[in-house]
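Record features (TrEMBL):
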- GLU102: active site, nucleophile (ACT_SITE)
- GLU106: active site, proton donor (ACT_SITE)
- GLU106: active site, nucleophile (ACT_SITE)
- 21-216: domain 'GH16' (DOMAIN)
- ASN110: N-linked glycosylation site (CARBOHYD)
- 1-24: signal peptide (SIGNAL)
Amino acid sequence: MSFSNCARALRLSIFMTFLLAAMAGNFFQDVDINFGGPRAQILDGGQVLTLSLDNSSGSGFQSKNECLYGRFDVKLKLIPNNSAGTVTTFYLSSPAGPAHDEIDFEFLGNASGQPYTVHTNIYAQGKGDREQQFRLWFDPTSAYHTYTILWNPLRIIFLVDNIPIRVFNNYEANGVPFLKNQAMRVYASLWNADDWATQGGRVKTDWTKAPFTASYRNYNANGCVVSASGNSCNGVLNNQPWQTQGLDANGRNRIRWVQESYMIYNYCADGKRFPQG
């Protein structure tokens, strides 16, 4: 390659690096604060968003865009110390209604020295009751960790630091509703749920510890953005990996490890709630 060609390649590489950086998630550009007013703060030029809860209100945000399928990532650092009664969330939801769709990550607070519970659930056409719960294999309050919802026509995958913890496959052929017709926004919130969140509501929120604060960063939504007029893709996706992603052999081994070691509740095994299976 000639010197001039090398120079052009270098300039192109620098430009592409700048372009990718410019396209990285920015909370100012990507989300709206939807409740809590000043309790939600966008910091560091849009790179960090904090949500706080006091005894007057929680706070939350929602994405500006709606997507029909995609991969949605955020780094999250949860409330340290005594967070009993609080719920921190990262989830997808279609507009509220009797047939709404939803994919939930909910982090249930804890009394000091006790682990967080990661609560996952899926609503398809208004029907939920598909809970699975996990502990984590690290302290989620001491550093940021990445939580991912991957949603394609074949399956939904929940990942923590790119390790799959749960898969919900499309079994429409067997009469199980799947999430495929309703575009969804990304939401996050921090709110008080001490009637159920910690030990079934036995441990209440200690408001002397307020305000409680969780911190989000590195938000990225890579999905099929829909127009305001309907639930169809607006643009070309160019065969993104998430569109058909499943679990390879390594992924199957990792999800088996998580579910054998850290799952604490599985609706599929709850014979009291679902005696008919």
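Here, residue 1 is simply the first one shown, and the rest follow in order.
Even glycines carry a Cβ here, placed using N, Cα and C.
The Cβ neighbour count for the residue listed as 'N-linked glycosylation site', using a 10 Å radius and every protein chain shown, is 23.
Sequence-distant neighbours of GLU102 (active site, nucleophile) (same chain, six or more apart, CB under 8 Å from its CB) are TYR91, LEU92, SER93, SER94, ASN121, ILE122, TYR123, GLY128, MET184, listed in sequence order.
Contacts of the residue listed as 'active site, proton donor' defined by a Cβ separation under 8 A and a same-chain sequence distance of 6+ are given as VAL87, THR88, THR89, TYR91, VAL118, HIS119, THR120, ASN121, in order along the sequence.
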